[in-house]
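Here the structure is laid out as structure tokens; the discussion comes afterwards.
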Amino acid sequence: MREFLSAWSFDIFVVVNLLVIPIAYVWGVRRVRRASPRSGWPAGATCAFMSGWALLCIAYLGPLAAWSHTFFWVHMTQHLIVMMAAAPLLVLGIPVTLWVRASSPRARRAYVVPILRSRAVRFITDPVVTWLFFAGVLLLTHFTPFFDWALRNHDADIFIEQPLFLIAAFLYYLPMIGKNMLPHRASAGHRLASMSIMMVPEAIVGAVIYFSPVVLYSVFAEASRPFGPDAKADQQMAGALMWALVMVIEAGWMMLIAVEWFSSEERKGRKLDQEHSADIVVS
């Protein structure tokens, strides 16, 4: 355990990006609070965003990053933290809304609003497109030679694989949870259905990895293991994590949508009751 925890990974590209993310967010929050001291900025959004950022640091800088090319279960844990926890927490930080509110009125009219209303943004934030993209990333990266290639090539891992998983997850959750200013906002029912169906490709990936009679990825079969399980047991642990843990985490985000849906319907009901009472008084 000491050997595992004492290993750390520092890549300059990763470190710089992890420093830029919170600095940009805090700068935006300060601008919003100065411009709108009364309404300010929700503390919950800031806490969610910073929690997501902290999880990215854990995934990309600590022992998980250092051992991710040796143990498959570590690599899977790293990606699950990024895709299923960090990305949705970043979305709950409503960064798109922050970008709109932190921009000057001139920049908002000239750049921000036109960009958000553009065909490109409408396309990449469409819930169907983001679902297909996320599911495609999960299936194609695990069931093509890409996975072995990325793990054997440091630059491919840092510049392609890791950003790909984060971006795919962020775009998927963007129209699903939170209150970001987006062209598309599906109903709560559609969002719950989308997340339920997403469990299918997630379960397929986990099940195939777990039940495979052979070690699927040569990089893990050939890895020198100073401790821990052998390659086959390691792969089964990774498959179990993907298969079971993802279902639990996904269910948690679905509960968040359900609570939001219930609260919205409750507010609508109170509003209708007030309008009905007002009509009775007038009549």
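Cβ coordinates are placed from backbone N, Cα and C, and glycine is handled just like the others.
Straight from TrEMBL, the features:
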type     : residues : note
TRANSMEM : 6-28     : transmembrane segment
TRANSMEM : 40-61    : transmembrane segment
TRANSMEM : 81-102   : transmembrane segment
TRANSMEM : 123-143  : transmembrane segment
TRANSMEM : 163-182  : transmembrane segment
TRANSMEM : 203-220  : transmembrane segment
TRANSMEM : 240-262  : transmembrane segment
**Message:** Between the transmembrane segment (81-102) and the transmembrane segment (123-143), are there three or more CB pairs that fall under 8 A, provided the residues in each pair are separated by 6 or more in sequence?
**Reply:** no
**Item:** Contacting positions for the transmembrane segment (163-182) when only residues 6+ beyond its ends and CB under 8 Å are counted
**Value:** 56, 79, 82-84, 86-88, 90-97, 100, 116, 124-127, 130-131, 133-134, 137-138, 141, 191, 194-195, 198, 253, 256-257
**Request:** Would you mind listing the long-range same-chain contacts of the transmembrane segment (240-262), meaning Cβ under 8 Å and 6+ residues beyond its ends?
**Result:** 73, 76-77, 80, 84-85, 88, 173, 176-177, 188-189, 191-192, 195-196, 198-199, 202-203, 205-207, 209-210
**Message:** Using a Cβ cut-off under 8 Å, which residues of the same chain at least 6 positions beyond either end of the transmembrane segment (203-220) come close to it?
**Reply:** 69-72, 138-139, 142-143, 147-148, 151-152, 231-232, 234-236, 238-244, 246-247
